[in-house]
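In what follows, a structure is listed as structure tokens, so that the remarks can point back to it.
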């Protein structure tokens, strides 16, 4: 069940429509978004993947609520100023070429805001956890998800500079937007009601603050991938911090090896 | 001497009767004619023995056995009781009416189906049925208050399905129907309004008792007292607006308590005003607002109270709201059961109770018995208690149990059933206790007694006391200060066990076998690090019961099933490719490198593109073959096919095979279900969740697990009840891991069972149960109880906080909850109870054994210690696989097999039996491989085509061995139950086939039964069946099992061995019959000189016996000893190629080629 596809698709459709038809009222944008999530939900969801009709409907209700909340707030401005959605961005730095597909690029008063939509902000770097980049680089800790969120920021922040809309000296902000950041339910005789509040987290400043460390890490990983070297530096750290949350551990030879090894 | 007396003596050994002489306190109970009687019997005090002896005494005094009804919790317990009676009383023992609580209900409902308004063809819903139905009715819940999400079992939260699976049995066990719930809970709109009522009370608290000032004065306190008055009035108004029935009544009681609290708080503020204004109690003025929910967290100066009053009300209302959604699911579940003509286990008791409400029926039913005996009475739930009451006449009831071992409250058992409820139901109850413990050393019992000391609600004051040498023992309890990390603690435990097995500890008086040791865990998760640690150390272990599905091999089998259910589940498919087919990393990477689905890549990528194409092809062929079968085969057949096609078991360790056997059993049980479950992701998740589900749902979870003689047993404490072990290790004894909890529907269930919502602190009740769990765990140990734990960090008391006593003074006495919450600081409790001379094994037993310096092997001129020797062998093996091993003459490498054994203990023990001797007479190598090394068999498909065909029966699937196993077990069970007709035997065979996963062998086994009943031997009286023996001959021990000893109509005793084989045996040549004749000389007082075979396989029906003279016996003894001598020295080098190689499980070895088979 991929709620993400439906949510991303609905925002993309809405932004595209708003780009094409200027001078839309807030209400009209909301209606477009509402129609878009309806259509995208039908396109991407699969009832057979749910154990019950009720669960299927509940997930749909959450998606609708997320889109409604987004376009009741920041989404309106984002849609009106959207330059590109689902666009490929590329960058190259010291021989390391990175590319990725960005969810939304929005023009702001100061420059450009890049937005990556998520369900929530779990695992995304924050002001509180920003030192994760340094400890990860030093091999003192293992923070793959937070570091990854910085790699993504690096790719897009540098990549956006190739867009024609970018002018030298512009501020480039990168925002992770958790569309289902806060989900609350309330009992009702007609069935449980769900309300959703999204939240954005700007991380461009963390990228600026740890620019060197981030690119050093990217360089290290780039070289390792090029060389086909996937051995982790510290298996123990990885097991401690990453394996329990990893969807792939059930199939991971390194993870399983501990249980079947005959060696000492 | 009567004929019956002869047979009694014939089966009872002298040793046994000496051992089993009742102790004086047991004898008092056995001899007493006082009824009703309640015996509170501590752990290991011989309660079942006493009960059986009492029944025996009644029968000897003239009560016909069929006038006695004995109720137990498991079929095994009922069978074992019957078996013991048969041993003492002969065939009269069969007539005892021994049932499980569920079985007696089933019997009654079958008999009185018409009166019970039931279709007598009803089936009993299996766990799979219940699971399937719950998933089916998910959309019949309204989800007004609960989220409809259905989570993956890996998720943290409980989804709708799990919630319903827990709710239904919790309600049914207390006899709470959906209708009763609906009536109590009322309209959803009213339930919703109760949220607003709480909000209004909190708002009133905010208005009247939450203040903005920080410094209390006398005037301000007066003002606050007035505020409390206003708050009380507001609550009273809310109370008066409530209805006067159902839930509203309980909310009214709640409100009354809140009003009383207002008064109490006002009194506190007035009485202690000086201390609040000028002394240490300043923060007390914040207490009213806090207790009534006006603060979101405790304000400064208020310590951890653990609850607020409005929070408690909110929690109760919230649970009622959730229950209202679940009630609709419960009702739909009941309708579906009805539509499918199914009854679940709880229904059996509920419907039987309803049936017995009919006075005519009850009169007839109760007239069948003069006495009712109940075992393990502390484990009965509400509906079982009612059942017993209905079945008793003239108060002739005898119940035995142990309130100190009541550890199933969380599953509906009610400790009061053996306490106050029983006292109230039977006014003239005679009470007896058993306190002499035959099992444990006194220091262990002292600690077990102390664990219960603080139970204020304990039903008795009994203290366990050891007997004989154990009473004077000063040793028995060893503590280990557990390391902080569970992995490190697991290593300490492994070190301790390794030392005990090697006899390397001063704390133990002897060397133990692995089978002597059990690790008993409070929670499943505690076992994980220990399993990994034992695995690394090579210590054999057995996971009992629900822990088995944690095994890596079992998880791989489940992943295979999951991948078959949903080939798009690439994680599962990748796991299978990695773990079963061992694809090269590069090949796995290639398959996963594209956007295409993995299965498509597996099917379409040309073999030559892979580094190890043959492995990929094997994976592809197997998977596609099974995928083709998926939609046409039943689940059980597909599972069997999966194991056959993939030879999965061959790739599993011995340990994992044992674990898999439990999955086999679970899957086989679905064959017997009324609804055939479909293979789906959800269903595989159910298999994984099985342990958790059975904990809450099934009756079968009380069955004791099989224990393993040659491995350390690891099981939950609950599973270990009734078992004992020389050494018991209890890990993770910390307050955090043993913390008590209130369960979600405790209060609702209590309210609907006639209790008050405010008379019980369920967390405290659970703390009592937790102490009893610890008591049960301790009393499993005979000689050594190794306790591993640590103290909690403990919160530092803030001197500026109000003392708990002040908060308590602000609450009416009728408020049940404890200020500060309920804890069970288990390690601190243990430390305070330890005797002065207890053993601390932290620095000794728990430290690693130093084996590095011991030279265990030589290679290439190097002397090698144990670890390096093992590494060297592995490195040579890798070289061999990589094709770059230099030529090595194996005989010149000085690394003995023992060097590969991580433990410094002899493991190659030779155990002799008739089967092993028979194997030796065929081939020495096979004997060595099968009975000394316990070597793996060849995987199916490796040169084994003929073997498979040859042992399969003509009618498809089952091997002769499987048919034989099923027939033998049926015969044994039939002998215990006194079943004497083909129909009864077939019924037993069907039950066994379902539980043993042998349904495919059932038809053939039924043929065997038919043939057996065509034999004259079926008319003979069975004196004993499946009698185990150990015979000492010339220094050798040989074990075996005699199928049956029978008495012919001419009063001759005959030893019989059932043969389901296709060939007849030689009466003169085979050693089996002489061996049994020799064994019977030891077992019984009189010699039995007639022995033979009952052929029930295709070669039968026939019975062929022969007589043995004294001379025959002597000659036989010499032959057996000669064979045992040979069996003691068999080796891999001795082999005999021949026709038998065709069926040999090691046929891939080169020796089979020498047989030159066609």
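Glycine is treated like the rest: Cβ placed from N, Cα and C.
Caution: TrEMBL annotation is automatic and unverified by curators.
Taking Cβ-Cβ distances under 8 Å and a sequence separation of 6 or more, the neighbours of residue B:43 (ATP binding site) in its chain are B:402, B:404, B:405, B:437, B:439, B:448, B:464, B:775, B:776, B:779. Under the DSSP three-state reduction, residue B:43 (ATP binding site) is assigned to coil, being neither helix nor strand. The ATP binding site annotation in TrEMBL covers B:41, B:42, B:43, B:44, B:45, B:46, B:47, B:48.
Look at TrEMBL and you will find B:20-441 tagged as domain 'UvrD-like helicase ATP-binding'.
Marked as domain 'UvrD-like helicase C-terminal' by TrEMBL: B:442-722.
The feature region 'Disordered' is assigned by TrEMBL to B:1-33.
Neighbour count (other Cβ atoms within 10 Å of the Cβ, all protein chains): 20 for residue B:44 (ATP binding site). Residues B:50, B:402, B:434, B:437 surround the recorded ATP site, their Cβ atoms falling within 8 Å of the Cβ centroid of B:41, B:42, B:43, B:44, B:45, B:46, B:47, B:48, which are themselves excluded. The binding-site residues examined here are B:41, B:46, B:48; by Cβ neighbour count within 10 Å, the least packed of them is B:48. Its own atom aside, the Cβ of residue B:47 (ATP binding site) has 22 Cβ atoms within 10 angstroms in the protein chains shown.
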